[in-house]
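The following features are taken from TrEMBL:
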- Gly83, Gly84, Asn85, Pro86, Arg105: substrate binding site (BINDING)
- Asp106: Mg(2+) binding site (BINDING)
Amino acid sequence: MAGLPLATAELCDANAHLIKDGGLRALQPIFQIYGRRQVFSGQIVTLKVFEDNVLVRDFLEEKGNGRVLVVDGGASLRCAILGGNPVQQAQNNGWAGIVINGCIRDVDEINGCDIGVRALASHPMKANKKGIGERFVPVCMAGTRICNGEWLYADTDGILVSPTELST
């Protein structure tokens with residue numbers, strides 16, 4: 001996204017018609033804020049995994065081009081599916097942010113990275129390494145259906161998803 005980041009509250013105010021027709025959706029406020037970039041936005045890449053982080057790492061090793069990786073980790077609180085090394089890689093590869101419906105670890109390291117990260121919680125145990133999951137599929141998390149290619153806007157007020165790129 002070019003220019004200054006857009007505030008989610010302003011996006012809601014300016015796009016009431018999209019909220020009414022269901023185009024602009026807010027995720028339930030269940031995510032903790034990590035990383036140095038509290039405000040971020042970009043086109044969504046979706047991934048669905050469960051207690052396995054191989055595909056998460058694979059994605060973050062690719063060029064991000066300002067995109068946001070949205071990972072449905074099944075809301076598992078039994079292990080972390082994202083840690084400091086992949087977040088550092090994501091920062092270096094130009095990802096705008098990562099939203100994890102699950103846990104992260106290496107919080108201090110992640111908080112030192114210039115990238116936006118949202119997750120349910122932190123957990124010290126690492127994930128499995130089987131490489132099982134689905135790429136580019138619609139995911140349902142935080143009360144919202146999110147499709148690959150949609151747009152995500154996050155700040156300290158919350159997270160919005162839109163089928164198209166928005167402006168105020």
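Including glycine, each Cβ sits where the backbone N, Cα and C put it.
Curation plays no part in TrEMBL annotations; they are all automatic predictions.
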For the recorded substrate site formed by Gly83, Gly84, Asn85, Pro86, Arg105, which further same-chain residues have Cβ atoms within 8 Å of the site's Cβ center? Ala80, Leu82, Val87, Gln88, Ile104, Asp106, Glu109, Ile110
Which whole-number value in Å describes the distance between the Cα atoms of Gly83 (substrate binding site) and Asp106 (Mg(2+) binding site)? 5
May I ask for the distance between Pro86 (substrate binding site) and the residue listed as 'Mg(2+) binding site', taken between their Cα atoms and rounded to an integer number of Å? 10
State the Cα to Cα distance, in Å, between Gly84 (substrate binding site) and Asp106 (Mg(2+) binding site), rounded to an integer. 5
With every protein chain in view, what's the tally of Cβ atoms within 10 Å of the Cβ of the residue listed as 'Mg(2+) binding site', excluding that atom itself? 21
Spatial neighbours of Asn85 (substrate binding site) that are distant in sequence (at least 6 apart) but have CB under 8 A: Asp106
